[in-house]
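Worksheet: the structure to be examined is printed underneath.
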Amino acid sequence: MLNRFHHRHERSAANIIQDITDDNGTDDRSTINNQDCSVDNHLNHGINESSSTFESNEEAFQKLPWRIRAIVQFNINHFGPALGFSAVTRVCNALGFDFGLFTIPDWIWIVLWFVTSVLLALSFILYILRIIIFPQGVLLDFRDNTRVNFFAAPLIVMVNLLVKIPTFFRPNQTAITVFFYVLFIYQLLLSLYIYGEWLFGRRNILGQVHPLYNMAIIGYLVLVILGAQSDQRDAAVFCQSVGLLFWLLIFFALFQRLASSKHGAHTRQHPGPMMFLLVAPLGAAALSSYAMSMLATTSAASAFYMGLSEFFIMIDSFVYLLLLRLLPTFWTNTFTMTMWAYVFPLSTASTAMIGYSIQQQMVFWDVIAVIQTLVAVLACTLVACFTVYFTVKGKIPQCVESRQEYMNHIQHMHQPVSVVSIDSEVEAQNNSSEYDIEQQK
């Protein structure tokens with residue numbers, strides 16, 4: 001049934017492209033099939049028509065059914081809402097314990113837990129449909145230096161859900177341990193690919209370091225918490241060690257690049273919301289260190305991890321204050337799904353501060369925790385409302401790269417054989433010319 005659905009809409013897209021070509025009064029394929037058309041003429045024709053290719057593809061894509069448009073553009077970044085709500089759920093759950101100023105009812109975090117579960121399930125369904133309809137889209141996500149790191153988002157959401165499950169259907173400890181190792185293997189394979197590209201890839205990926213690189217690190221740090229709850233000490237130590245090692249690498253690489261960068265989306269002149277991802281690994285490291293202190297077998301080891309947790313809390317607080325100056329950019333930047341980059345880091349920092357205030361039992365830290373919680377909840381509320389609004393308006397999901405690749409795929413699938421052969425000749429001729437030029441040099 002899914003295959004029939006896929007092929008039916010492929011034919012529909014091809015017919016739309018043909019209609020647009022006919023409406024414009026030009027038909028590249030009929031021109032190419034003309035026996036008098038040479039390779040050079042085809043090349044010149046392609047150059048003259050290249051400026052209208054993007055507009056034609058966009059027009060054809062907008063005529064597709066909205067379901068197809070949404071699924072094709074549903075890249076891995078669209079797991080952002082589930083990620084944000086999972087972090088806010090952790091905040092509300094932390095406030096339900098022995099917090100100094102007040103506690104909130106359990107039903108609040110339980111409702112948010114179910115909301116997060118529904119969002120995660122919907123995200124998985126849409127992404128699986130995207131794989132079926134547009135398998136090239138997954139390759140686009142993997143080949144993108146920044147988006148590939150967001151493949152850690154589903155893992156982070158699942159860990160946040162498993163760390164605290166409503167008691168009325170909480171699985172036994174064995175099931176949670178199995179879940180932990182499944183997620184551990186997923187994170188290990190993902191990080192071997194991503195970190196391998198950083199260090200040994202052909203492109204200078206680490207030289208183009210981006211705040212979103214922190215997502216691949218946070219996956220290890222949140223796994224520490226689940227590993228500690230599952231009493232898997234060795235695996236938890238492994239996750240924390242690898243996570244902190246590569247956090248240091250990315251932290252210093254980011255500061256070095258941002259300090260020397262004069263242009264781009266993440267400079268002082270043009271700050272982006274993903275800059276807030278600098279806060280998230282610090283908060284996750286503080287929470288993971290506290291979890292390890294509970295797993296320690298000696299008082300010295302427990303004291304060490306508690307001190308490490310406090311160390312990360314203090315750095316997290318400073319970076320949090322450093323980034324507060326970027327909050328006004330929420331209103332100046334065009335709304336995209338990257339706005340969820342405000343929610344997850346702010347909520348993670350708030351959860352870490354709540355845990356620290358509970359340990360210290362001081363009014364000062366309680367007030368700081370409440371302020372951070374209000375900021376995180378407000379950010380989540382605003383971003384969620386804007387997400388619903390722009391989704392209803394049809395402006396979300398949005399991915400220009402996916403749209404173009406999908407339409408190019410549809411055109412190629414329905415392209416006559418003569419066009420493919422001539423395109424191959426043109427490409428071979430271009431490659432030969434470039435080789436001759438290089439040889440002359």
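From the backbone N, Cα and C atoms, a Cβ is placed for every residue, glycine too.
Feature annotation from TrEMBL assigns transmembrane segment to 107-129 (among others).
The feature transmembrane segment is assigned by TrEMBL to 150-169 (among others). Cβ atoms under 8 Å from those of the transmembrane segment (150-169) belong to residues 76-77, 79-80, 82-83, 86-87, 89-90, 93, 109-110, 113, 116-117, 120, 123-124, 141-142, 176, 179-180, 183, 186-187, 190, 212, 215-216, 218-219, 222-223, 225-226, 229 of the same chain, restricted to positions at least 6 beyond its ends.
Under the heading transmembrane segment, TrEMBL lists 175-200 (among others). Counting residues 6+ beyond its ends, the transmembrane segment (175-200) has Cβ neighbours under 8 Å at 148-149, 151-152, 155, 158-159, 162, 206, 213, 216, 219-220, 223, 226-227, 229-232, 235, 239, 242, 246, 249 in the same chain.
According to TrEMBL, the feature transmembrane segment maps to 212-229 (among others).
What TrEMBL records for 235-255 (among others) is transmembrane segment.
Sequence-distant contacts of the transmembrane segment (276-297) (same chain, at least 6 residues past either end, Cβ-Cβ under 8 Å): 211-212, 214-215, 217-218, 221-222, 224-225, 228-229, 231, 233, 236-237, 239-240, 243-244, 247, 251, 254, 303-306, 308-310, 312-313, 315-316, 319-320, 323, 326, 341-342, 344-346, 348-353, 355-356. Positions annotated as transmembrane segment by TrEMBL: 276-297 (among others).
Taken from TrEMBL, the feature transmembrane segment applies to 303-327 (among others).
Remote same-chain residues near the transmembrane segment (339-358) are listed as 80-81, 83-84, 87-88, 90-91, 94-95, 97-100, 211-212, 218, 272-274, 276-280, 282-284, 286-287, 290, 309-310, 312-313, 316-317, 320, 330, 333, 365-366, 368-369, 372-373, 375-376, 379-380, 383, 386-387 (criterion: CB distance under 8 Å, separation of at least six residues from the stretch ends). The transmembrane segment feature in TrEMBL is assigned to 339-358 (among others).
Annotated transmembrane segment per TrEMBL: 364-392 (among others), in sequence order. Nonlocal intrachain contacts for the transmembrane segment (364-392), taken as residues 6+ away from its ends with a CB within less than 8 angstroms of a stretch CB, comprise 81, 84-85, 87-88, 91, 95, 99-101, 317, 320, 330, 335, 337, 339-340, 342-343, 346-347, 349-350, 353-354, 356-357.
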Fill in the blank from the handout: Given the transmembrane segment (303-327), its same-chain partners at Cβ distance under 8 Å and 6+ residues beyond its ends are 271, 273, 275-276, 278-279, 282-283, 285-287, 289-290, 292-293, 296, 349, 352-353, 356, 359, 368, 372
